[in-house]
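Engineer: One structure coming up, written as structure tokens, with questions to follow.
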Amino acid sequence: MTSMRGSRQLKMVVYFLTTGLHLLTLPRGSVAEIPNKPSGTVTDLSSTKSAPGDHQIFPDAVKPDLPVFAMNYPRIQVPFEITLWVLLASFARIGFHIYHKVPFWVPEPCLLISIGLMLGAIMHAVHEEPPAMLSYDLFFLYILPPMVLDSGYFMPTRPFFENIGTVLWFAVVGTLWNSIGVGMSLYGVCQIGALEVQDINLQENLLFASIISAVDPVAVLSVFEDVSVNEQLYIVVFGESLFSDAVTVVLYNMFTFVAEMPEVEPVNLFLGVAKFFVVDLGGLAFGLVFGFVASFTTRFTSKVREIEPLFIFMYSYLAYLVAELFNISSIMAIVTCALTMKYYVEENVTQRSCTTIRHVVKMLSSISETLIFFFLGVVTITTEHEWNWGYILFTLLFAFLWRGLGILVLTQIINPFRTIPFNFKDQFMLGYSGLRGAVAFALVFTLPDHIGRNKPFVSTTICLILFTVFIQGISIRPLMEFINVRRTNRNLDTINVEVHSRLMEHAIAGIEDICGQWGHYYWKDKFMKFDNQFLRHILIKDNRAESSIVALYKKLELQSAMEILDIVSGDTSTAPSVISLCIPVFLCFWLITSIVSKTCGSLYLIIWLVLRIPWQNSACRVSIWCLFHYGHFESKGFFSNNQRQELYSKVFINTGLK
């Protein structure tokens, strides 16, 4: 048998060699005879690809025609589906806000998650594959930066720095408290044999606890803005949510590394503490450097105004990427960069560029949050989960318990150092505002595969997010009304109030300096002096000394106009109001005043408004109101031509008039 098999293989080799040599010796285009194949069990091979000269050999062969219409869906599948997801979410938000009573009681994340759940149910019913999985790099390099940039850029600067100690106290110490407390408690529960989670060790429980310690009170903050909650409570909740994300990511990376270690040595604990401070302080330094560079760059953009917004986005994103490159806190870097740029850059760029920056930042952040919440709803239905209800219930219990205890303990420690201490109602709202959201879901969903039991972590985190967003997010407004939380005054401060407030701040700073006590006002006064003497001369173009009272007046006038615009922006009534009926009278009076005072600029603007604007429109009434105020001081010589043009452009841009 062996000799017969060898002879057959030899015949096959000889056959293919002779055939190949025969074909190589033929001229191009000639017909060849193939030698007879040797006998045996050799399979006939036919070519499936024609040679270039086959149309001469086979003249009757069918030639392919030029396609008139063709589809290549795989080439555009990813951007096409992302665009459809974003469009669907945008349509959902439009429909959500058409009926104004729904967003009053139901937060927007609830809507997005609900639509994701419905889409996931439809996809599961038709056996459709779920969308592309969320990866670690996709979230941290593309989705998270716009969300953090939005929070940092729109953070109220003055209240934040007045409460920065309290914010960092709750963000850093509070997150560590929750992570260690919940992790140790869950490890104790894992020793119960009935739950069947004995294989989850202490390191993995601490990793999971650090993930669910990231708070994301988007729904709560929108309610706080609607009801005008007191400024201290708002900024502490806002700042804690932002900086707790930075702390959570640092703990996540540390515990992920520790989870791979078979045994944790004491020296690793000290290295972990050192790494924690190095990572956070390093992110702070990177953010300051890139913020200063961005501010200095915008000094020279007066001839190319169209690229001013580009520098803001590129420098902030570059700060984030460089921090990731050196394994530093990228969240801390981009937040610090945003705060620095907002303080200096907006004085170098035009008002139109500022408006563009704000709208684009809000748009990118909204898209990122929408995709995360949509994906959460879809994944809840379409992905296989491991539902361990005992572990889930204990996680919910420990998350609320350690959050409440942490707020009570940390508040008792920080209250003696605060000018306005937190009362029990404020403490309750601080504890109840600990919603979980996009960051916690993305972190748990991108857990590495070497973590032994990551499926229970994903299902438990989804349950925690759904419970906090739907139950706590919907009930936060009735609870605030019921317990009557301290509110803030919605009325804008007058010049008299602002002047006396600044007078008191300088007086307190002087008293602190005399007493040798370095308090908040002392350091603020020192920074303002250093800023005016050095930083502003380097970073700001045309840094001229301006009268404080005039600058304050312009600021308050613009704030007042924007406040009125926000109030009347929802007015869709077409019936003429008292103000609209009185507009012709005001116009006649102002035209006479303009002619008498020879303020031709106001005259031309009023004539343009008469010819172009529908008077029943609320935004138009606000525009006229602004022009009345600005024109009044223009007639008295308060503003130069450049300042007047800048004020007019502010009014037109912010009211949508062009």
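Each residue, glycine too, has its Cβ placed from N, Cα and C.
Remember, predicted model here, so these are calculated numbers, not experimental data.
Annotated signal peptide per TrEMBL: 1-32, in sequence order. According to TrEMBL, the transmembrane segment annotation covers 76-96, 108-126, 138-155, 167-194, 206-224, 233-255, 267-296, 317-341, 361-379, 391-415, 457-476, 578-611 (among others). Per TrEMBL, domain 'Cation/H+ exchanger transmembrane' is recorded for 87-481.
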Engineer: Under a Cβ pair cut-off of under 8 Å, which of the recorded stretches 206-224, 233-255, 317-341 contacts the transmembrane segment (167-194) most often?
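Structural biologist: By the under-8 Å Cβ criterion, the transmembrane segment (167-194) pairs most with 233-255.
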Engineer: Any contact between the transmembrane segment (317-341) and the transmembrane segment (361-379), i.e. 3 or more CB pairs below 8 Å with pairs at least 6 residues apart?
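Structural biologist: When sequence-distant Cβ pairs are counted, the transmembrane segment (361-379) does not touch the transmembrane segment (317-341), since fewer than 3 lie under 8 Å.
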Engineer: Can you find at least 3 Cβ pairs under 8 Å between the transmembrane segment (233-255) and the transmembrane segment (138-155), where each pair is 6 or more residues apart in sequence?
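Structural biologist: Yes; at least 3 Cβ pairs under 8 Å.
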Engineer: What residues elsewhere in the chain lie close to the transmembrane segment (206-224), defined as a C-beta under 8 angstroms and at least 6 residues from its ends?
Structural biologist: 107-110, 175, 178-184, 186-187, 233-234, 237-238, 240-241, 244-245, 248, 251-252, 255-256, 258-259, 369, 395, 399, 433-440, 443-444, 451, 457, 460-461, 464, 469, 472-473, 476-477, 480
Engineer: Which bits of the chain, at least 6 residues beyond where the transmembrane segment (267-296) starts or stops, bring a Cβ under 8 A of a Cβ in it?
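Structural biologist: Same-chain residues near the transmembrane segment (267-296) but 6 or more away: 246-247, 250-251, 254, 258, 261, 311-312, 315-316, 318-319, 322-323, 326-341, 344-345, 348, 538-540.
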Engineer: When you check the transmembrane segment (108-126) against the transmembrane segment (361-379), do you get at least 3 Cβ pairs under 8 Å, counting only pairs 6 or more apart in sequence?
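Structural biologist: Output yes: the transmembrane segment (108-126) sits against the transmembrane segment (361-379).
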Engineer: Cβ under 8 Å, sequence separation of at least 6 from the ends of the transmembrane segment (138-155): give me the contacting residues as numbers and ranges.
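Structural biologist: Sequence-distant neighbours of the transmembrane segment (138-155): 238-239, 241-242, 245, 316-317, 320-321, 324, 330-331, 334-339, 341-342, 357-358, 361-362, 364-365, 367-369, 371-372, 438-439, 442, 446.
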Engineer: Using a Cβ-Cβ cut-off of under 8 Å, list the residues of the same chain that are 6+ residues beyond the ends of the transmembrane segment (76-96) and lie near it.
Structural biologist: 102-103, 108, 111-112, 115, 131-132, 367, 370-371, 374
